[in-house]
């Protein structure tokens, strides 16, 4: 946690004074990293004591039941039937709708659970199975996935970030703070360990891929990112950034076509490996693909702070356009939203630009693409947390409104106490006495400050009225819509800012390039 | 204050997250006291027996519960209902009581701030981290459920007054503390001697005047606390509830103190003598049963009575009392008081394992004084926190307690290593002249081996014991924890004693 941040700074100072102090040579030392990581794990464990989505609410339950059901299906049926409607596998009841890597992960966890609690995974008989022991085991599968995938990736990233000096001329010593910001992401903690999902795996794989790109291990990066896509197709939100950055880099080398082919082969190889049970016929592949792209579910789900949902207050998109034309419209807008950042990375790939491009491309998908969940805000949050040292204000701002956009969901899951405590904890660490949040409110003009405080006030009021007031009969989702609209307005401002920021990098890119050659 | 508040705020977030975790019967005990104090007239507080959880804290704590019962009745009247509220643990009750503990910890914040505010920045932060982020306090108060943070906060306040030379305020705060929880009166001898010698100084007239001032101030606190009960003729009943000597020497789970060795020695002797052909009568009472009656639980060794334990405690304390009598200096008072509580813990009658908090928390301030103290504290705090592990026995809280201790250890390690760096050149030169490399290490190899042994003990209890014995001998792992931790505690006691005797 942040105190560790402070500790390291102190260690550095002390080390500089005394010289030759073992852990002052590197910025992120083993004890500080250990303390931050263990604290992040502790917070996760404590959140996991709370309720999960759909606890005790038959007949459909929630994501927890979905994950349990997938374990049941993958354990008892052959891989070829996982995505097919059979007598054992009723796709209408939480049918598997993530790519095969999620299914393998379910199978691995199912094997572990089956050893101690077989009744919880009995085929068909175990629907809606709930018990404290199962809850504990299920929670531990998420905790262990997080600790084995996301934590090492975060450490790897911070290590690479500091070693390569991605943050530019900023002083070192705040690496533990950065690590804490990445690991103590309240949204990720609440969704994975409260609501119950495994985003830590796909995000962890993506984070590993990002770190690998930064450390020039491009083949590893391609493999990791392919795995991330194969765990949750939403990882494709990052694809334009990865593609443009790697393409831009390859174009600068001696043999661009060969370089691109190498990466392509790794990607295809990884995909082939993961999809191996379905490669026997095109039909089988299409069967899986159709499960992954559920267009019939509409342009957005529930209340999500993206363009389509927020503006539906004024424009009834669903009524104006057919599903087909809606698909096309969202496709076009998404592409045009990430195009500037895409072009920038092809023209001048750079480490910082890459991080901004990740943020911009995931934001464009979140705001404009088809079938977006409120939980998809986790994707733009990941690159934003990586930029925490550079853009502390942006990161804190985005984090707050991202969490707000999931407030109705978390209220439904009865996770308000956890919501409040994790948010407050994040605030304390963000503004830790020695942390390098670098943001001082008084450095802004009064008008800017008012611009920030106004939405903040609105959000406080919305928090309270959402809990205490009943919406009018005529508009049962009035408060949800207000929350969504507030968040959307902030997201739009932020994405304009980050796009401008990335495009401004173009001007000084030649300088960055020269700097890199010197290295 | 801002810095202390930051530490406190982080801790409070953790406490909020701990609201839904396991709570012991102490939760119902305190809920019952809320109901008791709010529904019954004062005269019946200590005579009511409608629940097994009779009020056995002194009156000031009962007033504190009465105070808490007002907001509780506003939030949910069932919490303070004597009949309908029995074993009531609805989310509202849980949230209210947990929040009341977290809010009462504001006193701890105040005490820690007052004690640490004059320290240099680095040592101040170390002190805040040790006091406000104490894993033992989190385990006992915010999972198991008690109000130790509040009580220890008053102790720290009292010590901070004494440290500043404001003896009268310190004495009053200590009197308040005793009237909140009488277990803290173990420190009273040290307080008495110190205040007698340090406060009641000057010529005979001045000393007498000060003595009377102190006496009347402390007397006033006691009068406020016990007066109403005296008026209602309840005094004997109150004392009877406060000092239930019917309880045995050891709690169901043996606190890791001196008596553990005594019991183990008795068992070994009984075993050996029986092998040698002597007729050994098996004791009627067993130690694992909790409440022990009048019969002697020892097979061979003589029976231990409360009077013996009392004498032993005073005897163990005496070097410190003599020091305080001869040279009452404010800079040593925290060490002395902590030592007194250590003696009470090591040799006292019916000691709870939680009583180790009484000295580990004040010693956190002592730990920032020198590198040697910090080294000692590193060992002591790990051992005392580990000895609390059996309080949380459910698998759900297992990662919580392990992580709390692990994080605490790493932080102490970091802090203490930096401590060594921040020493002045003069100090380090003195250390170098002493020569031995052991002096410069955080823990020597014996200490390291001992701490590694804790892993072994934990491994035995969690994996090997169930594997070898199944459900048989369930007390064996607990006994092992007690005996093993008792060794560390004995070392800490001896170390503190040596340190007190040494320093001039």
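In case you wondered, yes, glycine gets a Cβ from its N, Cα and C as well.
Remember, TrEMBL labels are computer predictions, not curated facts.
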Write down the single range among B:251-273, B:274-296, B:343-365, B:366-388 that appears in TrEMBL as transmembrane segment.
-> B:251-273
B:123-145, B:399-421 - the range that TrEMBL marks as transmembrane segment | B:399-421
Count the Cβ pairs between the transmembrane segment (B:169-196) and the transmembrane segment (B:307-326) that lie under 8 angstroms and are 6 or more residues apart in sequence, then report whether there are at least 3.
-> yes
Long-range Cβ contacts under 8 Å made by the transmembrane segment (B:251-273), restricted to residues 6 or more beyond its ends, are 280, 287-290, 297-301, 304, 312, 345-348, 350-353, 355-356, 383, 387, 390, 478-479, 481-486, 488-490
